[in-house]
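Here's the structure we're looking at; comments come further down.
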Amino acid sequence: MINVAVLGAAGRMGSHVVQAVEAADDLALVAALDTDDEIAAATHAKAHVAVDFTVPDATEANVHALIDAGIHAVVGTTGWTEDALARVDEHLRERPDLGVLIAPNFAIGAVLAMRFAAAAAPYFESAEVVELHHPDKVDAPSGTALHTARGIAAARASAGLAPSPDATTHDPDGARGANVDGVHVHAVRLRGLVAHEEVLFGNAGEAFTIRTDSFDRVSFMPGVLLGVREVGNHPGLTLGLDRYMSL
Ligand SMILES: NC(=O)C1=CN([C@@H]2O[C@H](COP(=O)(O)OP(=O)(O)OC[C@H]3O[C@@H](n4cnc5c(N)ncnc54)[C@H](O)[C@@H]3O)[C@@H](O)[C@H]2O)C=CC1
Ligand SMILES: O=C(O)C1=N[C@H](C(=O)O)C[C@H](O)C1
């Protein structure tokens, strides 16, 4: 039995994780924590793994506290910078027995979309990412879109591709979106949406589109539970759920 604590348990994602853990025969929910609770409560409850779906401003401190407490961490919260990831990696060297999984998206379709986008990237002259979310989301672009764009950029660089063609010289209102390592990323916020992404590729005379849609937050739960079950078998810092899958 794996004892699980959930951080951000009152939130949109955290409340789904609480239900998913409670429904799993091999997992025990031992702590459901939110803003007013200390991480120490997870230690007192003998948690083996903590799942963090909180806010970008809180998640790094939570992960360091979990490492200090000797608890594996499965993190879905977005907003991680390269510097913050490096600090976690460094901290984990003090605890080589612990695993931390930080994944921008636990939906299987989104995990595959990120991988497929990186695989397709060397074959197209142009690439752009459009992410579409509910309007209560606090960060933009989404963590998934950042990860997708960085994967595309790395694959283009490895293949020796020139920058995507773009004649824009005047964009005072930022209509071309964010530039993530040379890949333009556009963020839509619309009531009624949950989490969606389109990756657009173009060549002369053709387009190739990868689309993933989470219509309901239940779509993230199989991936979260996979992370909970596997994190103890993957010491160190792991970025992306695909690292736990045979892809
Ligand atoms: N990796 C993935 O598959 C997914 C990631 N996300 C990300 O998860 C995060 C949370 O998303 P939502 O659940 O929609 O947000 P939310 O705002 O509904 O929930 C966040 C919860 O965290 C709590 N919280 C804030 N600071 C805290 C702290 N220091 N300790 C404990 N709890 C704290 C809040 O009170 C709230 O209940 C966001 O960064 C979002 O982008 C969302 C969906 C899927
Ligand atoms: O805030 C959300 O809702 C989501 N956040 C993650 C992200 O920023 O990529 C994952 C998913 O898109 C839902």
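Cβ coordinates are placed from backbone N, Cα and C, and glycine is handled just like the others.
Residues GLY8, ALA9, ALA10, GLY11, ARG12, MET13, GLY76, THR77, THR78, ALA103, PRO104, ASN105, PHE106 are recorded by TrEMBL as NAD(+) binders, and the candidate that the same record lists for that site, out of ASP34, ASP36, ASP37, is ASP34. Checking the binding-site residues GLY8, ALA10, ARG12, ASP34, THR77, THR144 against ligand 2, the ones whose Cβ sits under 6 Å from it are THR144.
When pLDDT values are averaged over the domain 'Dihydrodipicolinate reductase C-terminal' (109-240), the model yields 97. Most Cβ neighbours within 10 Å among the binding-site residues ALA10, ALA103: this distinction goes to ALA103.
Comparing THR144 ((S)-2,3,4,5-tetrahydrodipicolinate binding site) with ALA10 (NAD(+) binding site), their Cα atoms are 23 Å apart once rounded. Take GLY8, ALA9, ALA10, GLY11, ARG12, MET13, ASP34, GLY76, THR77, THR78, ALA103, PRO104, ASN105, PHE106, the residues named in the record as contacts for NAD(+): the widest Cα to Cα gap among them comes to 21 Å. Using Cα positions, the member of the binding-site residues ALA10, ARG12, ASP34, ALA103, ASN105 nearest to HIS134 ((S)-2,3,4,5-tetrahydrodipicolinate binding site) is identified as ARG12.
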